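The structure appears below as C-alpha cells.
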Amino acid sequence: MSVILVTGSYDHEIRFWEAWSGICSRTISRSGEAGQVNRLAISPDKRLLAAAIHKKVYIYETASSSSTPLTCLDAHTMNVTAVSFHSEGKWLVTGSEDGTIRIWDLRSAQVHRTYDNGAPVNDVCVHPNQGELISCDQAGCIKQWDLSENLCSHELTPAGDVPIRSVSLASDGSCLVAGNNKGKCYVWKINEEKSDLPRYQAVTKFSAHKKYITRVLLSPDVKYLATCSADTTVKIWSISENYEFRQEKVLQGHQRWVWDCAFSADSAYLVTASSDHTARLWEMASGETVRQYNGHHKAAVCCALHDGPG
C-alpha cells in the first residue's frame, strides 16, 4: 500500500480510499458501536491506523480487512480530540476534552504518562525533535510539554481566552502556527533552547478567515500553510523566508464546514474532509479538485494521508 488515505465521519464509519480512482477500498463499519470518529493518524511505517472515537482510541491494521481493532486505548473520560504517533511508532500521544494529554505505550496499550493541562485540549502535535509536545486548548493557551522533564516548559496565550483550535509545527522545527476560533492565525519562530533569544519568538499574526478556523497545517516542505474553516473554504498561504504569509489560493468546492486536511509527502496535494459528507483531493499548483470521495452518510470530520516512504 503505497498511498494510505483514510476518512472518518459522524456516521461512525472509517473509510479507506484509493486516492486516484476515488473508490472506497475498505470500510470499518463498527455496527452497533456508539461514538463518532474525531481524529485519525497513520503510523510512520504505514502499518497502523489510530482512530480517536469518542473517549477511546482504536488501533487498526492498515493492511487488514478486519473491522476488529488490534487494541483499544481506554483512559480518557471525554472526547479524544487529538492523536499523533511518535516517529518510531512505538508511542502514541492523545489529547482530550477531559483536560489531559496522555502518552501511550503501544506495545502494552498502557498509559505511560499523563499531563494535566487543566482545560479541554483541542490539538496536540509532536515536535520533530521527538522530545517535546505542543498542545492548544479551549482556554486560549498553547503549551510545550517536555517529554524528558515531565512538565510544561513554555506557555503562550496569543489572544487571551479565545480558544485555540489547532496548532502545526514545521517539519524542520523552524516555526509554529496556531489558529483560533475567531479566524486568526499566530506564528512564532522557534529558536534553539541554547540561544539568548526566546524559544518562541512571535513573528506575525493575521486574519485568515471571518469564521472559525478548524485546522491549520504547514506543508511538509514548509512553503505553505493550509487553513480550514467554517466558511466552507480552505485557504493556501505561501510563506516567505522572513515569515510573511500571502494568500495564494482559496480552495472552493465544499458546501459546508471543512474540518480537517492532510498534505501529500511532496506537498503537491491536499486532502480535505467536510460536513458536506465528502472528502476531496486538491492539486496545490492549480487549486482544483482532482478527486472527490463520496460514501459517508454524515459529516466527514477527519482525514489522514500517508504516501511517503514507510
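Backbone N, Cα and C atoms are what each Cβ position is placed from, and that goes for glycine too.
These come from TrEMBL:
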REPEAT    1-18  repeat 'WD'
REPEAT    73-114  repeat 'WD'
REPEAT    206-247  repeat 'WD'
REPEAT    251-292  repeat 'WD'
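On the 0 to 100 pLDDT scale, the repeat 'WD' (73-114) averages 95 in the predicted structure. In the repeat 'WD' (206-247), helix, strand and coil residues by DSSP number 0 helix, 23 strand, 19 coil.
In terms of DSSP helix, strand and coil, the repeat 'WD' (1-18) has 0 helix, 10 strand, 8 coil. When the repeat 'WD' (251-292) is classified with DSSP, helix, strand and coil residues number 0 helix, 23 strand, 19 coil.
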